[in-house]
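S.K.: Below: one structure in structure tokens.
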Amino acid sequence: MKSDLLLFIGRNRMFEKLFKLKSKGSNVKTEIIAGVTTFLTMAYILGVNPGMLASTGMNFQSVFLATAIASGVASIIMGLLANYPVGLAPGMGVNAFFTYTVCMTFKYTWQEALAAVLISGVIFLIISVTGVRKAIINSIPKNMKLAIGAGIGFFIAFIGLKNAGIVVADPSTYVAMGNLTNPTVILACFGLIVTVALLCKKVNAAVFYGMIITAVVGVVAGMFGVSGMPALPTGIVSFDFSMPTFGACFEGISSLFSKPSFIMVIFTFLFIDFFDTAGTLVAVGNKIGLVNDNGEMENIEKALVADSVGTCVGAVCGTSTVTSFVESGSGVAAGGRTGLTACTTGVLFFLSILFMPLLTVVNSIQVGELFLSPVTSAPLIIVGVLMAQQLKEIEWDDISVAVAAFTTVITMVLTYSISNGIAVGFVFYVVSKVFSGKAKEINPITWVLLVIFLIYLILL
């Protein structure tokens with residue numbers, strides 16, 4: 001008993017030394033719950049990413065392993081190096097660009113596409129170490145940081161509504177209300193109501209408990225055994241551990257440079273990762289108080305290095321660009337404030353290799369052509385609500401700020417892209433400042449970013 005107590009005290013001291021829990025107003029239990037919450041809201045990538053990249057001819061199980069390993073490594077590095085509660089994994093959007101644009105439209109082999117990802121990651125790492133990335137992110141005006149954070153809130157809330165089946169695609173109006181009488185949609189709505197109720201009652205880790213309750217109700221109701229879902233596994237592991245994608249990026253380097261569009265492809269990978277990461281870190285940083293009065297972020301250079309290393313590891317293992325996930329906001333909503341949250345998320349990604357069949361069962365349900373995630377949709381919607389609160393701090397009475405902030409948010413949601421929202425918002429920020437006679441408020445780096453954003457939008 002005494003030895004167990006000493007061991008417990010020793011571990012707590014170790015965590016305190018590594019993550020500064022007390023100064024961040026947190027504790028080990030809260031951080032672990034937050035890490036689990038973040039993982040559960042990110043876990044869909046373990047199925048979605050391999051499924052998408054398999055369309056290029058890549059081996060599904062190999063990409064799954066690459067996704068889990070790269071996510072685990074990057075998240076743990078983020079936690080230990082930067083002490084940020086941010087999970088990392090192959091990004092949605094950039095994996096679609098990898099598959100449907102680079103491989104299917106430009107006719108790159110998947111090995112060449114991985115080589116482009118690796119090169120973009122190395123460039124990222126270089127500009128992160130030299131401080132260029134930090135300078136760019138810290139140069140973003142405070143109002144734009146707030147708009148980006150709020151925009152990401154709307155963006156992930158939209159993802160949550162879509163994953164719940166509450167909002168569906170429509171050929172006439174683009175989006176429409178889903179079938180609210182469908183049992184899966186009802187379960188998602190139930191989860192949302194439960195989570196809101198727990199939040200209103202100020203229950204700690206309300207988001208996490210909301211997911212657990214929703215999952216239990218779904219299992220009891222037999223909803224995770226519907227047509228299209230795999231049967232519960234008879235064993236924990238049901239696949240081999242071979243990785244034919246490992247190191248394949250090096251095979252594609254020589255032929256990559258023979259492609260006329262290789263510079264544009266590398267630039268696009270670089271751009272999307274850079275500004276998706278910037279947006280996520282700014283949003284999370286604003287929420288947990290990492291942004292000072294001058295709009296600068298604590299330990300931002302270390303967070304950027306972690307992100308860069310994640311992309312390099314992912315490319316070598318065999319997956320598309322690894323980036324900071326906006327879903328990390330769910331862990332923050334559950335109380336996560338330090339890198340222990342990210343480390344917990346990373347460890348769970350490694351453990352997911354053993355529990356892949358079980359994770360698939362409780363993660364999504366097929367309804368017609370749709371794959372819905374009733375358990376994890378509510379946290380995304382709630383996180384959107386919490387992050388949207390940043391809108392109140394924007395100087396809406398200044399029209400040059402209001403136009404830029406609004407276009408950032410609306411473009412991010414309607415084009416389903418964080419990077420597009422940031423690009424369009426920055427263009428309108430500069431235009432509005434110039435025609436308002438406030439061009440002097442625009443710093444030199446913002447002018448450079450304007451040129452980069454215009455090139456990006458033209459080549460999009």
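FYI, residue positions are counted from 1 along the chain as it appears here.
Each residue, glycine too, has its Cβ placed from N, Cα and C.
The following feature annotations were taken from TrEMBL:
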- 32-51: transmembrane segment (TRANSMEM)
- 63-82: transmembrane segment (TRANSMEM)
- 113-132: transmembrane segment (TRANSMEM)
- 144-161: transmembrane segment (TRANSMEM)
- 181-200: transmembrane segment (TRANSMEM)
- 207-226: transmembrane segment (TRANSMEM)
- 262-284: transmembrane segment (TRANSMEM)
- 304-326: transmembrane segment (TRANSMEM)
- 338-359: transmembrane segment (TRANSMEM)
- 371-389: transmembrane segment (TRANSMEM)
- 401-430: transmembrane segment (TRANSMEM)
- 442-459: transmembrane segment (TRANSMEM)
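I would like each feature placed in context: is it buried or exposed, what are its neighbours, and how far apart are things?
M.R.: Taking Cβ pairs closer than 8 Å, the transmembrane segment (32-51) reaches residues 58, 60-61, 63-64, 67-68, 71, 85, 87, 89-90, 92, 95, 163, 205, 207-208, 211, 319-320, 325, 327-328, 330-337, 340-345, 347-349, 352, 356, 359-360, 363-364, 373, 375-376, 379-380, 383 in its own chain, all 6 or more past its ends.
Packing against the transmembrane segment (144-161) from elsewhere in the chain are residues 167, 278-280, 282-283, 286-287, 291, 295, 326-327, 329, 376-381, 383-391, 393-394, 404-406, 408-409, 412-413, 416, 418, 421-422, 425-426, 429: each is 6 or more residues past its ends and has a CB under 8 Å from a CB in it.
Taking Cβ pairs closer than 8 Å, the transmembrane segment (304-326) reaches residues 38, 42, 45, 49, 53, 58, 62-63, 65-67, 69-71, 73-75, 77-78, 81-82, 84, 86-91, 94-95, 98-99, 113-115, 117-118, 120-122, 124-125, 128-129, 133-134, 137, 152, 155-156, 243-249, 269, 272-273, 276-277, 279-281, 283-284, 418 in its own chain, all 6 or more past its ends.
Panel annotation: around the transmembrane segment (338-359), residues 15, 18-21, 24, 26, 28, 31-32, 34-36, 38-39, 42-43, 46-47, 64-65, 68-69, 71-76, 78-89, 230, 232-233, 236-239, 241, 328, 331-332 of the same chain, lying at least six beyond its termini, place a Cβ under 8 Å from a Cβ of the stretch.
Within its own chain, the transmembrane segment (442-459) has Cβ neighbours under 8 Å at 135-136, 139-141, 264, 267-268, 271, 419-420, 422-424, 426-427, 429-430, 433-434, counting only residues six or more beyond its boundaries.
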S.K.: Are there 3 or more C-beta pairs under 8 Å linking the transmembrane segment (181-200) with the transmembrane segment (371-389), counting only pairs at least 6 apart in sequence?
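M.R.: Answer yes: the transmembrane segment (371-389) meets the transmembrane segment (181-200) with 3 or more Cβ pairs below 8 Å.
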